Amino acid sequence: MPSKNSIQGSKTVDRVSIEAPGLSPQSNHNSSSDDEQDEQDDISQSDSDSDSDSDSLDSQASRKRRKTSQEPTQKDIPLIATTSVPSRVKAKSQKNSLDAKNVSNGATLAPTDAQTTFAALNVKPWLVGSLGSMAIKRPTGIQKGCIPEILKGRDCIGGSRTGSGKTVAFAVPILQKWAEDPFGIFALVLTPTRELALQIYEQFKAISSPQSLKAVLITGGSDMRPQATALAQRPHIVIATPGRLADHIRTSGEDTIGALRRVRMVVLDEADRLLASGSVGSMLPDVEECLSILPPPAKRQTLLFTATVTPEVRALKDMPRTPGKLPVFVCEVDTQALAIPPSLNQMHLQVPVTHREHYLHMFLLTEKNLPKSIVIFCNRTATADYLTHLLRLLDHRVTALHSKLPQRQRIDNLGRFRASAARILVATDVAARGLDIPEVGLVINYDIPRDPDDYIHRVGRTARAGRKGEAVSFVGQRDVQLIQAIENRVGRQMEAWAEDGVNLETRVIRESLKLVGEKKREAMLEIEEGREVGGKRKRGMKKLS
């Protein structure tokens, strides 16, 4: 008997590849414009997670049980090669380990050739020049594989690890086709988070600078009225999060959304997240709502890009195609054996769950880490908020990125980190996907993600575009199985963290026990009183009597 998730997965395929208007009933779905991934980053946690033991703040906070990815049954196991490797994290021996299996899925692997140019891919000179001005001289594997086929009019599924240039792989052919027939709305790009939507918008504007492209950003956290006006003016490209665009489709008139019925090209960026089904917080209903107003698949070109190719995504290539339409082109580059960049050094650091903050403080101050730009990932927004308060009180230059922050503050905080005004960014998984933050030298997993693919997205914030990077995971006594699952997924083991001349435990005992203990109490008091990072009371908050 097929599983519930596999049945839902087949419906997903129908929405994207066959007939968008034939949707399943969604009368009970009430999505606000903020129903995007960045509003759903409280990862599903079991009661045994070290996250629940880390600090008193988290143990008192409300717990949301949300999943970031589908948990497959045995029949639904993704066709992704896994390699069993010996873990160097101390643990009890386990009999059941994953066997290494190499699964051939017939995907097209674009060869790497340092001599290939964009001009050789039939990219127009104005685009070649624009890319050159952005220091993009030669195509990456995913770009070399996908751009020529998209220009031929083929639907495309592109899978490649983080930092491999997937945005350019779809932006360049879209802009070249648009320049030949510049009407609006020519293309729609759907992506899970506001920050990623903004980044894609900026890249479209930069690449199209020689032309008069009109692009519009449609995301939550902003007034809907100016967005509706912008849509009514028929821009050339719309970059949107599914929740907010679905709100416009439900509430706006035909004069606002009518131009979407003529869209020539649609992109699902981070398609694995957009098409994930069977979990609370799924974006699939909103994605279906957005697709329902577009031309049917036979009359549009559909492009799916992701760093993790899930069964829902891969199944699309096997759907019946319209007579006369070219078959779906599938290009997977570095999605299996090289899911983690070879220039990334993965390490683990075993810490007691009762003193993780103490170890984090001293770890950030070691001689090698002090000059680095650092992203710290937490599983929950409450933990991220708490660490931001604590690290500021400990005189670290820190800022935050999570779903509880207002949109304007999220943009400002990300800008501060990119401009090096803040050395440390404390974030939830809202920052794990797609964001290109230059020169991140170190990623810290303060909490271990339950899904190994989320780990891949997190550590992909460093070691981008061939640069070197480090990722250190703080491991508690209950995290060992999670680490082993990650090692099996990426096919590489984590080394124990070490730095010459540094005994972290000794430094914690000598220098941080009293100080961090005091600052922890101050941080929790600030949060209890509703104060922002920096001590200012939030608007609308009254002083506690």
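Including glycine, each Cβ sits where the backbone N, Cα and C put it.
According to Swiss-Prot, the features are:
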- S160, R161, T162, G163, S164, G165, K166, T167: ATP binding site (BINDING)
- 1-11: compositional bias 'Polar residues' (COMPBIAS)
- 33-56: compositional bias 'Acidic residues' (COMPBIAS)
- 147-327: domain 'Helicase ATP-binding' (DOMAIN)
- 359-510: domain 'Helicase C-terminal' (DOMAIN)
- 1-98: region 'Disordered' (REGION)
- 116-144: motif 'Q motif' (MOTIF)
- 269-272: motif 'DEAD box' (MOTIF)
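Excluding S160, R161, T162, G163, S164, G165, K166, T167 themselves, the residues of that chain whose CB lies within 8 A of the CB mean position for the ATP site are, in sequence, T140, I142, A307. In this structure, the binding-site residues under consideration are S160, S164, and the one with the smallest number of other Cβ atoms within 10 Å of its Cβ is S164. Around the Cβ of G163 (ATP binding site), the number of neighbouring Cβ atoms within 10 Å comes to 21. Packing around T162 (ATP binding site) is summarised by its Cβ count: 25 other Cβ atoms lie within 10 angstroms of its Cβ, all protein chains included.
Fewest other C-beta atoms within 10 angstroms, among the binding-site residues R161, K166, are seen around R161. It is G165, among the binding-site residues G165, T167, whose Cβ has the fewest other Cβ atoms within 10 Å in the structure shown. In the predicted model, the motif 'Q motif' (116-144) has a mean pLDDT of 94.
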